Amino acid sequence: MANSLSLILLPLLCLPFYLSVIFDSIPYFRGPAPWPPEWQWPYLPTAITPMVLAISICIIFIYLLALHQTRLRLISLILLSTLTPIILVLQSRAGLGVLIRRIIHPDLNGHFTAALSQSNPFTLLSHYPNLVQAFYMHAHGHPPGTTLIYQTLIRLSADQTQAVFLILAFTLITQIATSILMYQTLKSYTKSAYGISLLWVLTPAVNLFIPLPDLLYSFLSLLFLYLLINRHFLLAGTTFYLSLFFSLSTLPALLLFFCLSLFSPSTYSLLPLTRIHLRSLMLGFFLPFLFFSLLDYNFGATLYVVLHTQTARSYGLWLLPNLLDFMIYSGLPLWFFLFATFKRLKTKIPLLLLISTLTLLTLSGFSRSEAGRIWLPLMPALFICLGTLPQMSSRITSLLILLLSTHTILLNLFWVSLW
């Protein structure tokens, strides 16, 4: 009965938002005010093509096929993680060339420009608190991890063109790795792990911001949870440090996932956390901290500088839009489904932890705009929440695939997530 109700209710809930995206009837969904100094995703309509329905039908077919062929699941996740963002870029107004522009243009990325300006990785690390203040765009507000990776890929390349393609390849590898990790993590929570992992592959934030490095931060936060629930505390501690070495946006997700790992994924009872576990976690954090300190990298000074590089925007103006942006770019149909089936959740703990974290993060004023991209490390928590439902039927999963792929494609066609 609940499933039948969802089949009727979900499309009715999603339809007003779809129409708003197409006709821009509620511009507030795109943000409270235009830049500068605030932010709105630009509205630039593009014609709807039959691809909207065709893509959804193809993905549903793949899902139903792999549902009874276990060996096809990883293959389908790899293929869809690779093809979905490429198809969306091809479908967009800019075409494939925009991927290169998003890497090399200092006002869209910044990490590539920063990596080009610093040929010596040791100099980059030792002088980072001073250097970062002169970096462009996203590099200006991040620790050195991403710039260091870009710098390494540039050094491995014969020229800048080859470096750009290496960065694109690295982005796709991250895309695939995150989808597989999502599947492996969800298997501890639910028998519907494959279907929910496919929904992750279709999430707007996962696809519409490539090749910006935010998905890498999401991978690191999810890896932290995976290691914790499998009781690999030493590696989890190392992952905690590395996550902060790449982006401070991972910190809320890391704290949320630590709290979540205190509960058994199968029974949701409290798990024992011994002194040995905590010491292993702390040692895992301390080892990379010591390694980079020996390279003269000042972890504390970097955090201080990065925390003081926020854009001057209105606090009150962003309280609601941040939450809206996160829900839209993580997949509004999934939120509707969760709230519609709230009473059927086997445990409310993951959802309450996620809502509490989002509320505290919003009230902190740490991010003011683009929460759908900046808070991407938190998004795996939404899919863990879906994993607390009783096993999802193939009909419900197929409907969610249809609604979410439509949602993502419409955002791609009518809103400009990136030029």
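Cβ coordinates are placed from backbone N, Cα and C, and glycine is handled just like the others.
According to TrEMBL, the feature transmembrane segment maps to 43-65 (among others).
Annotation comment: TrEMBL describes 163-186 (among others) as transmembrane segment.
Note on the transmembrane segment (198-228): residues 59, 62-63, 76-77, 80-81, 84-85, 88-89, 99, 102-103, 109, 111, 138, 146, 149, 167-168, 171, 174-175, 177-179, 181-182, 184-185, 235-236, 239-240, 242-243, 246-247, 249-250, 253-254, 257-258, 260-261, 328-331, 334, 372-374, 376-380, 383-384, 386, 397, 400-401, 404-405, 407-408, 411-412, 417-418 of its chain, located 6 or more positions outside it, place their CB under 8 angstroms from a CB of the stretch. Sequence annotations record features per position, and here TrEMBL assigns transmembrane segment to 198-228 (among others).
Here TrEMBL flags 240-264 (among others) as transmembrane segment. Using a Cβ-Cβ cut-off under 8 Å and counting only residues 6 or more beyond its ends in the same chain, the transmembrane segment (240-264) has close neighbours at 142-146, 213-214, 216-218, 220-222, 224-225, 228-229, 270-271, 273, 281, 284-285, 288-289, 292, 303, 306-307, 347, 349-350, 353-354, 357, 360-361, 367, 374-378, 380-381, 384.
Beyond its flanks by at least six residues, the transmembrane segment (276-295) meets 122, 125-126, 231, 233-242, 245 of its own chain at Cβ-Cβ distances under 8 Å. Annotation comment: TrEMBL describes 276-295 (among others) as transmembrane segment.
Residues of the same chain lying 6 or more positions beyond the ends of the transmembrane segment (315-339) and with a Cβ under 8 Å from any Cβ of it are 6, 9-10, 13-14, 17, 28-29, 31-33, 38, 199, 202-205, 208, 345, 351, 358, 361-363, 365, 367-373, 375, 378-379, 382-383, 385-386, 396, 400, 403-404, 407-408, 411. The transmembrane segment annotation in TrEMBL covers 315-339 (among others).
If you look up TrEMBL, you'll see 351-368 (among others) marked as transmembrane segment. For the transmembrane segment (351-368), the residues of the chain that approach it from at least six positions outside its boundaries are 39, 249, 252-253, 255-256, 259-260, 310-311, 313-315, 317-319, 322-323, 326, 338, 342, 345, 374-375, 378, 381-382, 385, 388, judged by C-beta separation under 8 angstroms.
Annotation comment: TrEMBL describes 374-392 (among others) as transmembrane segment. Long-range Cβ contacts of the transmembrane segment (374-392) within its own chain (Cβ-Cβ under 8 Å, at least 6 residues beyond either end) map to 182, 185-186, 189-193, 195-197, 199-200, 203, 205-206, 209, 214-215, 217-218, 220-222, 225, 243, 247, 249-250, 252-254, 256-257, 260, 268, 326, 330-331, 334-335, 337-338, 341, 344-351, 353-354, 357-358, 361, 367, 400.
Look at TrEMBL and you will find 399-418 (among others) tagged as transmembrane segment. Nonlocal intrachain contacts for the transmembrane segment (399-418), taken as residues 6+ away from its ends with a CB within less than 8 angstroms of a stretch CB, comprise 6-7, 10-11, 14, 17-18, 21-22, 24, 30, 41-48, 51-52, 55-56, 59-60, 63, 88, 91-93, 98, 102, 108, 195, 198-199, 202-204, 207-209, 212, 328-329, 331-334, 337, 373, 392.
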